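> Mind looking over this structure? Questions follow.
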Amino acid sequence: MASSSSCRTWHCLLALFLLSSAAYGQLSPSFYSKSCPSLELVVRATMIKALLAERRMGASLLRLHFHDCFVQGCDGSILLDDVGSFVGEKTAFPNVNSVRGYEVIDEIKRNVELACPGVVSCADITALAARDGVFLLGGPSWAVPLGHRDSTTASLTQANSDLPGPSLNLDQLIAAFAKKQLSPRDLTALSGTHTIGFSQCLNFRDHIYNSTNIDPAFAALRKGACPAQAPNGDTNLAPLDVQTPLLFDNAYYRNLVAKRGLLNSDQVLFNGGSQDALVRQYAANPALFASDLVTAMIKMASLTPPSGTPTQIRRNCRVVNS
C-alpha cells in the first residue's frame, strides 16, 4: 500500500513539474514579482522624469513599443543598433529619423539593472514605458503581459513591409493589423493613441493637399507649416490631435468626425466605411475607447517571436550580448 501511495506522490510531482515547465515562457503581469519586485516602480519613476523633461516623450515611447511588436513580435529588436555587419531596424523607412526615445529606454534599463541585474528584458521595459507614458498623460493603465525575452536578430525587411504607413487605405490597414492577429476594432482603438504626439510634414503632405475628405480650414492651417513642394519642410511637426496634443483623451475621434485627421491613415477610419460607427461611439464615449484600447494594447503586447527563435536578456538594449 505504501508503495502505491508513494507512486501517486511521484506522479503528482511529475505532473507538477510538467505543468511548471510548460508555464515557463508564458507571459504574465506578475512575471517579475519575485525576481524584480521593484521593476514597475523604477520604470514609473524614470518615466516621470522623462515626461517632466518633455511631455511628447510619452507618445514617442508608445510608438517605439508599437514598432517593436509589429516586427518579429515584442522582442526589443527595434532597439538594436547597426554595428559592424549587423543591420538592425532603425534605418527602416518607418523608423529612420522618426522613431525616438531610445535614450529613455537606455536610462530605464540602467536603473533596472542596478535593482535587478540580468533579469528584465529590454522588450518588457519598452512595454512598461509605453503603458506609463499613456497613463501619465491622462490615459488608462493596464496590466502589461511580461516575460518577453530579447531577440538576437532584427529584420529591416519586415520593418519596411509590416509597419503600416500613413498613406494606407482602410482595407490595407485592416489587412496589416490582421497579419498581427489584431481585429478591425483593435485597429480603430489603437489608432486612438494618435490623441498624443506629432507627425512630420512628409507624412501628411499628400493628405492636406490632395485629399477630399478633409476640412478645408484644417487643411489650410496645416499647409502653413508644410509646403507643397517636397523636400521643403519635410521634418516640420504638427500635432496628430489638433485639440489636446499632450493629453491622452478621446479628442482624436471627434477630430475624425469633423474631418480633421492629420494622416490619411487616420481619416480613412471615418470616411463612409466599416469603422465609421465605432469612431462615432468612441467620440461620444471615452470609457468605451479606454476599455477597448486596453484590450487591444494587451493583445499587441502579447505578440511573441516564432517559437524556437534564439533569445536572451540583453545587458545593453542596443547590442546583442557578446
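Positions of Cβ are set from backbone N, Cα and C atoms, glycine also.
Curation plays no part in TrEMBL annotations; they are all automatic predictions.
Since this is a predicted model, take the numbers as computed values, not measurements.
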> According to TrEMBL, which candidate among Cys7, Cys317 shares a disulfide with Cys122?
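So the cysteine that TrEMBL bonds to Cys122 would be Cys317.
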> TrEMBL pairs Cys36 with one of Cys69, Cys74, Cys116 in a disulfide bond, so which one is it?
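Among Cys69, Cys74, Cys116, the record in TrEMBL lists Cys116 as the disulfide partner of Cys36.
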> Do you know which of Cys74, Cys226 TrEMBL records in a disulfide with Cys201?
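As annotated by TrEMBL, the paired cysteine is Cys226.
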> Using a 10 Å radius around each Cβ and counting other Cβ atoms from all shown chains, which of the disulfide-bonded residues Cys74, Cys317 yields the largest count?
Cys74
> Including all protein chains shown, what's the count of other C-beta atoms within 10 A of the C-beta of Cys226 (disulfide bond)?
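Neighbour count, Cβ to Cβ under the 10 Å cut-off: 24.
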> Let's check the environment of Cys36 (disulfide bond): how many other CB atoms sit within 10 Å of its CB?
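Excluding its own Cβ, Cys36 (disulfide bond) sees 18 Cβ atoms within 10 Å.
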> Distance check, please: Cα of Cys69 (disulfide bond) against Cα of Asp241 (Ca(2+) 2 binding site), rounded to an integer number of angstrom.
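That separation, Cα to Cα, works out to 24 Å.
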> Among the binding-site residues Asp68, Asp75, Glu89, Asp241, Asp249, which residue has its Cβ surrounded by the fewest other Cβ atoms within 10 Å?
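Lowest Cβ count within 10 Å among the binding-site residues (Asp68, Asp75, Glu89, Asp241, Asp249) is Asp249.
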> To the nearest whole angstrom, state the Cα distance for the pair His194 (heme b binding site) and Asp241 (Ca(2+) 2 binding site).
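Their Cα atoms are separated by 7 Å.
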